[in-house]
Amino acid sequence: QVALTLMFAMYLMISNTSSLGMAIICMINSTAHSSRIDSSLILQLKPSEVRCNPCRTVLGLIPDAPFQLKKRLIVMSTRYESCPIHSRRDSLPLHSLLGTLDWEPTKQSSLFSANYYGALLTVFVSGILADRFGPKRILLVTFTISTILTFTSPFLAQFNYWAYFIGRFIIGMGNGFLIPSINSLGGWWFPTTEKSSMAALYTSGVQIAAGTSSLIGSRLCEVEFMGGWPLIFYLFGSMGVIFLLCFYIAVSDHPSDSRWLSKDELIFLESSHHEKERKRVRISSIPWKSIFTSPAVYACIFCNFTFSFASSISLNFLPSYFKEELSLHLSSNGLYTMVPFLAQLVFKNIFAYSADYFKRSGRLTPTQTVKTFQAFSSFGTCISFLGLALLPSCDRPWIALVCGFLFGFSYSGGICGFFTCMMTVAPAYSGTITSLSMVFGQLGNALAPTSVSFVSLMEWPHKWQIILVFGAALQLISGVVFLVAASG
């Protein structure tokens, strides 16, 4: 029941983050910025002058146009030739195109960054606090604040952009406490031989949220009641209230504090971890020298950074990628976005049970296990990103579906790789090590929307190809680093 409750916690954290990825398509008036430059120029042309590509036409008629205008027209021309503008607009319901909010693309990307920068502010101290004082109270407070802000998100967004930005930042601060606190709980509640399985189970909340929130969001966006998209936030806010009740009743900081465990179960868990370690972590200093001189810790840190970048791209920007590059309808967009996370949900649990079996049977050592699964995950994710960047098109959108499935399949191995490594390097300090790793994980999360915003601001052609190839390079490097430096 502890693992299931923690899975619910992960579900809510990701839902509060990824729901904006789909909601923002319906919140924003998507014609407000895409048409300002081209419409003012194209409308000055005679009908006979407008060929199949209006942006290319304007570019040809004004060869001495300013450099920035030429660059903008080239970008728009490239997108038009890949997926014609009329098909992209016809693929969405009218009320989702004409959202009530007029935010520039850079402001939209900044909303995703706000969440991650907020988490960056708290993620390091959260694990230390969890190891020293217990994670339950911390999580109760952070989820209460997050639930309130989720309920008020529609009001804040319509009231003022910066009010909503601050709300996202505060939710991010709360998210910074989640994974280190959960790993602190997991360090005591799950024996070493079951850590991969339990980690896969409770982190399944990430994939369930990422998959279902996009599908639910796409359906609610098409509802005209209350504008559609506010219903997304009201739904997940209501789930937050249910979680707080379940978490308060079912979870305690340590097995010895639980009212639900039998005596035999308590003896088994305490013998697995040694009760004296629990007391020592509360009165002794954290071994910073050993932590900062451990190659395995650095390997976990770098993998967390690169995998967080990949996770942020898939959670927040897949709907925009499918909309801009493949002209997918909202319902198809939700389905395509869901596939990678469903693949993760299935295979991460299969891989986790396989990893624990290999360790229990002695076929692989813990170090061999984490290296094998992490290498598969890093290199497989690299190949999937390259496939998404280079192969799909408007005429062949199904290739993106295949690449998305392969991404979810390969990404799943990371749970048995670097994520398990974080909990097994030093179980008594798992919260602290996770916090240290998550600092760089949040930097990776923040780098994704920053990269999207930068490429959008520069108006480079083939925006998504640039971002996905960059992500593939990060995965390739992290796989090599983990093979060299990690231990289980």
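Cβ atoms here come from the backbone N, Cα and C positions, even for glycine.
Automatic prediction, not curation, is the source of TrEMBL annotations.
What TrEMBL records for 6-28, 138-156, 232-251, 296-315, 335-353, 373-392, 398-419, 426-444, 464-486 is transmembrane segment. For 58-488, the entry in TrEMBL reads domain 'Major facilitator superfamily (MFS) profile'.
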Stretch of maximal Cβ-Cβ contact with the transmembrane segment (335-353) [cut-off: under 8 Å; candidates 373-392, 398-419, 464-486]: 398-419
Tertiary contacts of the transmembrane segment (138-156) (same chain, 6+ residues out, Cβ under 8 Å): 9, 12-13, 16, 126, 129-130, 163-164, 167, 170-171, 173-175, 177-178, 181-182, 229-230, 233-234, 236-237, 240-241, 243-244, 247-248
Which of 6-28, 232-251, 373-392, 464-486 contacts the transmembrane segment (296-315) most, counting Cβ pairs under 8 Å: 464-486
Which of 6-28, 232-251, 373-392, 398-419 contacts the transmembrane segment (464-486) most, counting Cβ pairs under 8 Å: 373-392
Positions on the same chain near the transmembrane segment (232-251), where near means CB under 8 A and six or more residues out: 1-2, 5-6, 8-9, 11-12, 15-16, 19, 22-23, 136, 139-140, 143-144, 146-148, 150-151, 153-154, 185, 213, 216-217, 220-221, 260
Reported mean pLDDT - the domain 'Major facilitator superfamily (MFS) profile' (58-488): 77
